[in-house]
Amino acid sequence: MSIVLAYSGGLDTSVAVHWLKERYQTEVIAYCANLGQIEDLEAVSKRATAAGASEVIVEDVRDLFLHDYAIPALAAGAAYEGKYLLAAPLSRPLIAERLVSIARERGASAVAHGATGKGNDQVRFYTSVRALAPELDILAPVIDWEMTSRGSEIAYADRHGIDVGVSKTTPYSIDTNIWGTSIECGDLDLIDHAPPPDAWQITTAPVQAPDRPTTITIEFEAGIPVALDGRKLDLIDLVSELGDTAAANGIGRTEILESRIVGFKSRGIYEAPAATVLLAARTDLEALVLDRETLHHKRSIADQYAELVYYGYWFTDLRAALDAYCARLAHRVTGTVTVELYKGSARCIGRTSPKYGRYSSALADYEEADTFLHEAGAGFAYCWALPLTEGVVTR
């Protein structure tokens, strides 16, 4: 058999290439998804080859990731436990789908990942692959091998001449893509202490951000951001540029003591500058273009959608149905939002939607231009209170 391994270029998966090859006496195909991570992907490819991979596939999936995974989550307003914008969990079903596709193309009988037994990712990969290809074996070398610490993995790499580019002093576990960065482990496990300043990877500390606000405009068409400050951009460029601007202003930092899939709580800090601003802007625009009942109901699905993503239940009818629901409303989410970025805060200060906006200044005005029928309001209040009034009689 041959094995297709989800390869990141880090310690775990670099050791896994060699370990899988030796353990199963088979070829290991290393698959690395370009999701906009910071690493030098050419160096990552060379590292996989040096570790023993028979083939290395590096694939640019940034556009696919944004359009098919990040934007649907944005449309749903998904934030796990009200905070986490899910950059890493959103990438896992995409990686799993590509692993399955490559395994079928190459005739491989197994796929593998570098997740640990106590982490969320091993559940996400297992669940996604089982949903797509139950006939494939799913290998988890980090769970199966005899190495029990980061130090023992480094020692294994040294014994076998595997260059992993890390040391025992590396304090954090970091996962980065174009939608955001997650940071765990190290001193972050001391939950009664503030995160060390060096834990944050891409955002400026709000107190050190510029002393003058940065004002930007974001244009949406059918729910998708298409322009920044009046300039039409493809989605990759828009998210990248917005992310740089927001990060420089200290936007997108989140700290959460989250409830993991496997049953215990862990502390993570997350940076999602572009996603934070886009969610604020899209939510603000929805308030302008959606009627009250639709707006309130749509916001009620945000937690459920976030849980589906976090739990690894991407390939479910429920997630697809929620996407269809959001897509039905998306055409109205067309307009422009002005956002002020200042020392960690993204504040929507203006919005317009000439075609779908539901705001009427003539109705909302309390001055002479007021066109609201006040006598009708009094009658409405009487009818609105009737259920409560009648209840008093029967109680």
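For all residues, glycine too, the Cβ spot is worked out from N, Cα and C.
Annotated ATP binding site per Swiss-Prot: A6, Y7, S8, G9, G10, L11, D12, T13, S14, A33, G114, in sequence order, evidence recorded as sequence analysis. According to its DSSP assignment, G114 (ATP binding site) is coil. Cβ-based neighbour count (10 Å, all protein chains) for G114 (ATP binding site) stands at 24.
According to its DSSP assignment, E258 (L-citrulline binding site) is in a strand. Here E258 (L-citrulline binding site) comes close to Y80, E81, Y84, K265, S266, R267, G268: these same-chain residues lie at least six apart in sequence, with C-beta atoms under 8 angstroms from its C-beta. What Swiss-Prot lists as L-citrulline binding site is Y84, N120, R124, S173, S182, E258, Y270.
In sequence order, A88, R92, H113, A115 are the residues of the chain that are 6 or more apart from D121 (L-aspartate binding site) and have a CB within less than 8 Å of its CB. The L-aspartate binding site annotation in Swiss-Prot covers T116, N120, D121 and is backed by sequence analysis.
Checking each of the binding-site residues S8, S14, G114 against R124 (L-citrulline binding site) by C-alpha distance, the shortest gap belongs to G114. The secondary structure of G10 (ATP binding site), as reduced to three states from DSSP, is coil rather than helix or strand. Counting Cβ atoms from all protein chains shown, S182 (L-citrulline binding site) has 22 others lying within 10 Å of its own Cβ.
When Cβ atoms from all protein chains are considered, those within 10 Å of N120 (L-citrulline binding site) total 20, not counting its own. Long-range Cβ contacts of S14 (ATP binding site) within its own chain (separation 6+, distance under 8 Å): Y7, R47, A48, A51, A157, I162, D163, V164. What surrounds the L-aspartate site, by Cβ distance within 8 Å of the Cβ centroid and not counting T116, N120, D121, is the set A115, K118, G119, Q122, V123, R124 from the same chain. Annotation for S173 (L-citrulline binding site): same-chain Cβ neighbours under 8 Å, separated by at least 6 residues, are I183, E184, C185, G186.
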